[in-house]
Amino acid sequence: MSKSKCSVGPMSSVVAPAKESNAVGPREVELILVKEQNGVQLTNSTLINPPQTPVEAQERETWSKKIDFLLSVIGFAVDLANVWRFPYLCYKNGGGAFLVPYLLFMVIAGMPLFYMELALGQFNREGAAGVWKICPVLKGVGFTVILISFYVGFFYNVIIAWALHYFFSSFTMDLPWIHCNNTWNSPNCSDAHASNSSDGLGLNDTFGTTPAAEYFERGVLHLHQSRGIDDLGPPRWQLTACLVLVIVLLYFSLWKGVKTSGKVVWITATMPYVVLTALLLRGVTLPGAMDGIRAYLSVDFYRLCEASVWIDAATQVCFSLGVGFGVLIAFSSYNKFTNNCYRDAIITTSINSLTSFSSGFVVFSFLGYMAQKHNVPIRDVATDGPGLIFIIYPEAIATLPLSSAWAAVFFLMLLTLGIDSAMGGMESVITGLVDEFQLLHRHRELFTLGIVLATFLLSLFCVTNGGIYVFTLLDHFAAGTSILFGVLIEAIGVAWFYGVQQFSDDIKQMTGQRPNLYWRLCWKLVSPCFLLYVVVVSIVTFRPPHYGAYIFPDWANALGWIIATSSMAMVPIYATYKFCSLPGSFREKLAYAITPEKDHQLVDRGEVRQFTLRHWLLL
């Protein structure tokens with residue numbers, strides 16, 4: 001169906017909102033009617049087939065300022081993993097050589113997918129489920145990413161609660177993780193201990209004899225009071241109180257929509273950069289810092305011959321940008337229709353990558369200092385995950401002058417890094433469901449309260465004595481293969497079923513420029529192939545989770561797979577439901593299922609472009 005010419009039968013009328021001429025004012029609606037013998041015809045090539053009714057379009061709130069949107073996207077994408085995962089992967093996989101596959105995958109897959117989600121949400125002006133009016137049969141992928149974001153909230157908020165606990169603990173003359181004379185310490189605690197094991201440094205029994213490790217595992221988590229995931233014990237009141245504060249902060253950041261969250265990110269998205277700069281300036285002055293930075297940047301191009309390096313780069317690109325959680329779709333749905341989403345995608349992905357790379361200097365300057373302090377190689381103190389930011393880094397900070405102040409600043413940075421990412425995940429769930437169910441839309445504040453309370457109640461399992469085992473299980477299964485699967489189906493749905501040509505036309509209507517051949521090739525071929533590769537690799541290389549020396553029982557692994565498959569199952573379940581609920585023959589059902597809702601009148605006339613070879617070959 002041509003966008004410049006839409007014929008309708010006698011006694012029909014067409015109402016189409018014209019392209020916005022003023023981004024600030026309400027959308028003007030223009031009707032250009034040409035009387036013909038056969039009825040009424042719309043003849044303006046700039047008119048838009050609206051993604052929703054004009055009333056819905058007018059009621060859609062928008063960001064107060066463009067910078068609110070950019071800070072929200074940056075705050076969501078730049079999270080704790082930028083600090084604790086990328087620098088370690090870079091060091092482990094050949095230093096500077098790791099940047100080759102990382103930047104390659106970022107350019108051919110990461111940026112195109114990021115751009116695709118921003119454009120998808122902005123054009124359709126709905127959340128992760130509602131945008132699938134472009135291909136109704138795949139609406140289940142919207143519920144997949146919403147459910148994944150909901151699952152992630154169960155354990156991600158706990159990391160923020162840990163950081164808040166450490167933040168409060170920093171307001172003491174002597175930091176509680178520098179001595180072995182506390183009530184939680186074991187007889188094996190030794191101030192002078194240095195680990196010679198890099199396997200899970202800080203999270204195993206060997207390194208667990210340092211004061212910093214014992215404070216995290218015994219003083220905060222009370223892990224010594226649990227025998228495993230089948231012996232959780234009661235929630236710890238200190239962590240529960242911190243979790244309550246996190247939930248309260250999240251609720252009042254989200255209850256009024258982007259009008260409130262857009263103001264919160266002015267602090268949460270910018271403060272980490274101030275603190276990282278201060279830590280870098282302090283870190284490079286420490287003895288051994290240059291050794292750590294040299295280890296971080298050392299180039300070993302022979303490592304590029306190893307498949308594991310490319311796998312690590314591919315998975316890091318997928319997870320670091322935050323595609324597939326529905327957050328980018330939700331955020332961009334509140335943009336003005338004519339916003340330049342292409343420029344936004346380039347800016348935010350570039351900032352994300354630069355932040356990951358620069359944080360490595362901060363991390364490894366302190367790791368070099370710790371290696372010299374303990375007289376061990378860098379590899380014996382280099383680690384990723386919670387062990388880095390809750391054991392290694394606090395121990396290093398504790399040796400500095402004004403250690404309490406540095407500790408408070410560091411954990412305040414972790415709080416802000418976590419809060420805006422958690423806000424993004426919650427907004428994905430709220431926007432996705434509120435846009436789908438009008439009853440929830442009328443009671444958004446109450447629904448937001450219900451969502452944050454639900455995540456709080458389920459997060460309580462993670463703040464028990466054995467809560468770290470629940471945390472590890474959720475971290476391993478909730479957003480692993482399932483999120484990659486969701487992004488793969490999303491990419492196929494947009495580029496193949498909806499069509500790259502149609503998608504490019506949509507972007508041209510918004511920005512005035514059609515994406516060039518490079519982006520269309522990436523959407524059509526490169527990104528789906530890349531995602532298929534990553535999904536297959538994640539399944540083939542799957543290893544059951546473990547925490548230090550603790551091996552999870554079979555029933556726990558089975559529960560983990562139930563969590564993972566429950567979100568992925570939304571795709572076939574909804575597709576089956578949609579197909580069976582449509583009227584007509586098998587061919588008519590299929591036509592309605594894969595044709596955008598706005599083009600269903602064409603299906604009535606037997607014009608189904610998805611049934612033509614040309615549709616599948618066009619770029």
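Each residue's number is its place along the chain shown, starting with 1.
Note: Cβ is positioned from N, Cα and C throughout, glycine not excepted.
According to Swiss-Prot, the listed position annotated as N-linked glycosylation site out of ASN44, ASN188 is ASN188.
Site annotation (Swiss-Prot): chloride is bound by GLN316, SER320, and the candidate from SER298, SER350, SER356 recorded at this site is SER356. Here Swiss-Prot has SER149, GLY153, PHE319, SER421, ALA422 binding dopamine, and the candidate from ASP79, ASP230, ASP231 in that same listed site is ASP79.
Under the criterion of 3 or more C-beta pairs below 8 Å, with sequence separation of 6 or more, the transmembrane segment (236-255) and the transmembrane segment (306-334) do not qualify as touching, having fewer than 3 such pairs. ASP79 (Na(+) 2 binding site) sits 15 Å from SER149 (dopamine binding site), counting Cα to Cα. A contact links the transmembrane segment (57-95) to the transmembrane segment (306-334), because at least 3 Cβ pairs that are 6 or more residues apart lie under 8 A.
Summed and averaged per residue, pLDDT over the topological domain 'Cytoplasmic' (1-56) gives 38.
Contact between the transmembrane segment (128-171) and the transmembrane segment (335-375) does not hold: fewer than three of their C-beta pairs are under 8 Å, each pair 6 or more apart in sequence. When each of 96-127, 256-286, 442-465 is checked for Cβ pairs under 8 Å to the transmembrane segment (335-375), 96-127 comes out on top.
A distance of 20 Å separates the Cα atom of ASN352 (Na(+) 2 binding site) from that of SER149 (dopamine binding site).
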